[in-house]
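For reference, the structure discussed in these notes is given below.
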Protein chains: 2
Amino acid sequence: MTAPVVAVVGGGQLARMMAPAATALGLHLRVLVESPTSSAAQVVVDAPVGAASDEAAIIRLAEGADALTFEHEHVPNALLDRLEAAGVAVHPDAAALVHAQDKIVMRTRLAALGIPVPAWAALASPADLARFLADHGGEAVVKTSRGGYDGKGVRVVRSADEAADWFAAAACGGAPLLVEEKVPFTRELAVLVARRPSGETRTWPVVESVQREGVCSEVVAPAPDLDPATRAEAVDVATRIARGLGVTGVLAVELFEVADAAGGPPRVLVNELAMRPHNSGHWTIDGAVTSQFEQHLRAVLDLPLGDTAPRSTWTVMANLLGSTLEDPTLALADVARLDPGAKVHLYGKEVRAGRKLGHVNVSGEDLADVRRRAVRAVALLHGAPSARREHDPADAPAGT
Amino acid sequence: MTAPVVAVVGGGQLARMMAPAATALGLHLRVLVESPTSSAAQVVVDAPVGAASDEAAIIRLAEGADALTFEHEHVPNALLDRLEAAGVAVHPDAAALVHAQDKIVMRTRLAALGIPVPAWAALASPADLARFLADHGGEAVVKTSRGGYDGKGVRVVRSADEAADWFAAAACGGAPLLVEEKVPFTRELAVLVARRPSGETRTWPVVESVQREGVCSEVVAPAPDLDPATRAEAVDVATRIARGLGVTGVLAVELFEVADAAGGPPRVLVNELAMRPHNSGHWTIDGAVTSQFEQHLRAVLDLPLGDTAPRSTWTVMANLLGSTLEDPTLALADVARLDPGAKVHLYGKEVRAGRKLGHVNVSGEDLADVRRRAVRAVALLHGAPSARREHDPADAPAGT
């Protein structure tokens, strides 16, 4: 059989969620998983075990594959350069991916492209930080330039001392630090854009992302009450980044929406980039004609991209972060009983406090209702008791 | 991990298409596949190899499973009885499944339930057939009572001689024969209903099924211009069958729509039953809130059923039957370029003339357009040349 082969580095839920799309399109998915019980290993047949830093494993993974891609950014850039030199179709390529791996490289390049970003500076020393704090109201956000995710490697500080431990780590060979102004944003938005090697680019509707403690909690698609000018700027920014950086596959651009000093429509500032399917796009599985997972596979194979139109007026995704249940599937019956239209997505991961274990998508015409339903479903999966009555009409009487 | 386990006998595309739903719900799918390269074996991790008649293999398959189900009807009924006696949760159970395995048993029971069926008779001899032909206008449909599918085991005859070979086979231990009137139907309809052990039942919208040479070619959801009374009768018939036969899981009821002699709304007659996800329900993957595959898994686990509402005004499914291409994936780019909204589903099966290799779902507001698009997409996957122009606007110019 001559089915196209897509190789993916990383066996987490992002690779797991590529499986249904690969199945539908008749593509062969091959995922390098960290362990045989990884989220993706449970649902992908061709799942060799190996670390993302294991060059030999990645070379084997890519053998005969039509494209090599990633479900996380932690693949050594030098390794990618060697793979590309060896003729492997790496998407996104090393030159693009470095901007999702290194925040200093990203900030520098975006500024060069004229993309709006928060005020920022690379930090060579605590004195640099002190100076920045003095210039920006005494409060700022220090970040490690490499390795952070889901709020890790990000710290709000009011003095250089509060980052002393990080400076020490950086001095001992850790990733350099940078500092950004603490943006007085009205809310966070995200734009998901797909681009393929031939150049075609498509974006999904701009969404609002609600964060709790640095981790995505809910996503509302589309962002409610979004000024058309702000929407246009968000889409333009994301598209210019995708093209300017030569990104292939799916690119998630996380944005701060900020009030315009002159009283015009809100503006946007780029917060972070991810070059892979992203939490802000999980709603697309049920809420858009083409999911981000299907689109990522199409893009890395340079297949013409799918329609990104929404299927419903509103879709809300709520993240399941941790659970008091041994296994969230124990609450499936309660969720199903309470909400026959809720679309549950569980990742098969071992329960740990605050860990991304799944999400629920709900679509409908009434945003407040959709939102409430999504949050409620996740609460049940988290272990909240259901308000189950003695006799449940959904359980029909005997003889039916 | 304590994820529910669903065991499935049969490794064809129907089991393959259960995988995405199992993945999303965090269920463990275990499929008994005929070969390691089966359609389902390509996408299901836990896929032991064995025949549907291999009792030992099925017992092993069912060990520790929360439910045992099937993607075809060819599991020996006696084996199912023994499994049930051993405490395995078989869904649908042997008592129900026999009505999908044996047309004489089915016709007899439906008549007893007062369900409208074509005129029919079991055939003990060619004389029985001659008598039936004389009573029904000289033309009738002879069927083998067990083993037929996709038009096989069905023959239109005008004399008893035309079934001589079948009578000979029946006399040598083959399945008994039956005959049915050749129904002057206006069109064929299908109703898909799901029922779970607790009794809850849900139906999807009634669809129109277009057959070519005994095999399903297209399905239109919902059936256009369906008289509300006809629709109500169809839904009532399907629901009464599900309850009357104690079916659990998904049940497909294929119907003939016939003109009413008295000039009232069209009536329906039951043609065939299938107790598993069915070709007439593939549109639900993209066109309904809950797909038949997700619903089947929920039903056999006795989870409350999902919402069966349609997601779009019209959804048309077109079957890919054979291909002149070595692999239909070779046409993915052409389909994608021509129709970014077409949802392609390929089964990973080796190409053979007339074989079910996949299907395409298209949804939209304009039925004629949706239908044309689905048929066109399938034509491309079948190997029809695309009308590709030299410069394709979907392939953006260099520098993008």
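Glycine too: its Cβ is placed from the backbone N, Cα and C atoms.
Around the Cβ of A:Lys182 (ATP binding site), the same chain contributes A:His136, A:Gly137, A:Glu139, A:Ala140, A:Val141, A:Val156, each under 8 angstroms and 6 or more positions distant in sequence. The ATP binding site annotation in TrEMBL covers A:Lys103, A:Lys143, A:Glu180, A:Glu181, A:Lys182, A:Val183, A:Glu188, A:Asn271, A:Glu272.
Annotation comment: TrEMBL describes A:107-301 as domain 'ATP-grasp'.
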Span of A:Lys103, A:Lys143, A:Glu180, A:Glu181, A:Lys182, A:Val183, A:Glu188, A:Asn271, A:Glu272 as binders of ATP, largest Cα separation rounded to whole Å, comes out at 18
Quick check: in three-state DSSP terms, what is A:Lys182 (ATP binding site)?
coil
Surrounding CB atoms that lie within 10 Å of the CB of A:Glu272 (ATP binding site), all protein chains
17
Could you list the residues of the same chain, at least six apart in sequence, whose Cβ is under 8 A from the Cβ of A:Glu180 (ATP binding site)?
A:Arg107, A:Pro118, A:Ala119, A:Trp120, A:Ala140, A:Val141, A:Lys143
Stretch-averaged pLDDT - the domain 'ATP-grasp' (A:107-301)
96
